[in-house]
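Everything on this sheet refers to the single structure shown next.
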C-alpha cells in the first residue's frame, strides 16, 4: 500500500515544467536548424540529438561534472547566488530537460522541414518579419509535429531515471520521482508497492496521451473547416 504520494506529484511537476521549458526553447531552435543550410548544421544536430542515444547514466555523469560543486555551472551558482544545484528538485527538472530535449527537437524539426519554403519566402516579400513568419505561418503548419514532440517530451520526462539519480539523487519528498520509487521499492523487496507505482504511471501516461490525441484531432477538424 502506498502511503506517500510525493513521488507522483514530484514527477508531475517535473514533467510539466521540463516539457514547458523544452517547448519554449526547442521549437525555435528546431525552426532555425531546419531552415538553415551551413556546414555546421550536421554537427549541431548531432550534439542536440546526442542525449537521445547516450545511456542516461552517461548524461547524468556529464551533468554532474557541469553542475557539481566544482563544475563550471555549480561554481557560478555557488559563488554568485549561493545556490547548490545537485541533490535538489531543480536538478530533477534539468535532468528531464536534457534527456527529453531531443524528442521535442527532432519531432518539431521534421515538421518544419516539410513546410514549403516558397510559402515562407512569399510572406517575406509581403513584408512580414522573421518572428511573424515563424509564429503565424511556420508554427501552425508544423502543428502536428509540435504536438507529437510535446507528448514524447512529457512521456520521456515522466520516465526519466538514470540522469535524475546521478544529479538529483533519491531523496523522498524532494527528488524521488515515480521511476526512482519503483526502482528502490524493488531493491527493498517491496514488489507490491512497486507494482502499484507501475500501474499509476501507466494509467497516467496513457491518459495524457489519449487526451493530447483527442485535443489534436479536434484541432485538425477546426483547421480542416478553415481550409
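Just so you know, glycine gets a Cβ as well, placed from its N, Cα and C.
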| query | In TrEMBL, which of the ranges 133-155, 156-178 has the transmembrane segment annotation? | reply | 133-155
| field | 46-66, 109-129 - the range that TrEMBL marks as transmembrane segment | value | 46-66
